[in-house]
């Protein structure tokens with residue numbers, strides 16, 4: 001059915017955000033690099049051109065051939081896209097006298113224009129550009145302006161091509177979602193039929209057809225992605241799904257046992273493997289973050305390969321790959337090195353030569369959670385904070401020892417349980433504790449101490465690309481600090497990380 005939206009990516013940092021806003025309207029969309037336009041466009045109802053870090057005036061500026069699209073499908077050209085049509089089709093683009101970054105207010109000039117229906121007067125929009133459209137392209141009609149940008153929006157007569165200089169996908173554009181809805185539903189005629197329920201039905205049907213009676217092996221992590229992937233596959237192929245949950249000794253306190261029990265209660269065919277001693281041995285003497293990651297990854301492959309060999313006649317390896325991973329692997333900036341490139345590569349473990357099945361590969365993180373809810377997965381599992389693949393190894397700065405893991409598990413448990421008790425857990429996107437490679441002087445009773453320092457970290461975010469530190473109540477921080485110092489032997493100082501991303505990252509390593 002022709003109801004999909006094609007998003008052409010020109011390298012903008014906001015391209016994935018466009019796709020998420022479209023999906024929020026229950027409309028399916030896919031992202032393609034601007035130079036890899038699908039040959040078959042029969043399934044698409046509309047096209048959106050993204051912004052770009054390039055200037056259309058630059059010699060190496062993206063210049064795609066849109067002849068198979070223009071005049072045949074409705075087009076919404078965002079930022080660079082708007083300048084592209086002007087620059088290459090009879091208009092003029094020059095450096096702005098006043099660079100416009102941030103908030104601006106929109107004045108709609110053209111009355112009764114469907115693109116701006118139900119959008120408030122002086123609506124706030126988000127600008128991010130240093131070039132301006134001085135002259136509109138051939139047959140261009142101005143639709144809106146701001147105080148600094150004369151041609152903030154226009155359309156091209158004789159075709160359903162609309163261009164806007166601002167970013168409707170960014171939250172700061174207060175009516176951006178309405179504008180996208182106007183374009184996609186009222187102008188392009190797409191239908192809002194992309195729902196979690198429909199995705200589940202379609203995916204289960206496709207998995208049954210693709211996998212049939214073959215066996216599938218899946219490594220579970222306890223995270224949202226692998227859990228939802230497992231339940232979807234189980235719904236499609238039942239006991240032919242073999243799940244392996246590896247304890248690397250770097251999980252949170254009691255996590256291995258509690259999550260394994262939850263998986264079994266869900267009816268999954270899962271085997272728990274305690275390989276904690278093997279991982280700690282592989283990490284012995286390592287302090288460099290990348291060396292630690294590599295050691296954990298290699299050990300996991302060895303453990304998983306050993307366990308996968310116990311299952312006879314496995315054909316497929318399932319992965320919890322989600323859409324941002326897929327987009328990155330075919331991005332404008334070139335493919336990243338990912339596990340997906342491992343097919344039939346000599347020298348790799350046998351399980352990595354299996355056929356790949358990725359039931360979530362077209363979903364964003366928030367959609368994975370909605371699908372999980374549709375599948376009836378416990379909200380506690382779905383609402384869990386993101387947790388790094390290497391586990392506590394990258395929250396213990398420096399070398400790893402069993403004693404350091406014990407200390408951090410206790411500290412982390414007190415912090416996370418405190419967030420739950422204070423009804424703060426669901427207001428935080430990610431939280432955790434970090435064991436620092438320093439000791440500090442303290443006083444306990446009449447004795448001088450020289451013990452470990454731990455940092456607490458809590459951030460709010462939408463997707464982890466950017467993050468702000470959470471202003472937790474002082475009373476909560478005070479109580480948590482006191483509890484940690486009194487209960488965890490070996491810790492005498494607690495600090496709270498108030499760094500945002502950027503410039504800092506969420507994890508310390």
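Here the Cβ of each residue, glycine as well, is placed from N, Cα and C on the backbone.
According to Swiss-Prot, the protein carries these features:
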ACT_SITE  79  active site, nucleophile
ACT_SITE  167  active site
ACT_SITE  169  active site
BINDING   221, 222, 223, 224, 225, 226, 227  ATP binding site
DOMAIN    4-193  domain 'Glutamine amidotransferase type-1'
DOMAIN    194-384  domain 'GMPS ATP-PPase'
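Location within the structure of each feature annotated in Swiss-Prot.
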| residue | record | DSSP (3 states) |
| --- | --- | --- |
| 79 | active site, nucleophile | coil |
| 167 | active site | coil |
| 221 | ATP binding site | coil |
| 226 | ATP binding site | helix |
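Excluding 221, 222, 223, 224, 225, 226, 227 themselves, the residues of that chain whose CB lies within 8 A of the CB mean position for the ATP site are, in sequence, 220, 228, 229, 320. Among the listed recorded positions, namely 169, 225, the Cβ with the most fellow Cβ atoms inside 10 Å is that of 169. Among the binding-site residues 221, 222, 223, 225, 226, not one has a Cα within 10 Å of the Cα of residue 167 (active site).
For the pair formed by residue 224 (ATP binding site) and residue 169 (active site), distance between Cα atoms is given as 25 Å, rounded to the nearest Å. Residue environment of residue 167 (active site) contains 23 other Cβ atoms, counted within 10 Å of its Cβ in all protein chains. Across the structure, residue 221 (ATP binding site) and residue 169 (active site) are spaced 32 Å apart at their Cα atoms. On a Cα basis, residue 227 (ATP binding site) lies 38 Å away from the residue listed as 'active site, nucleophile'. Around the Cβ of residue 222 (ATP binding site), 21 further Cβ atoms fall within 10 Å across all displayed protein chains.
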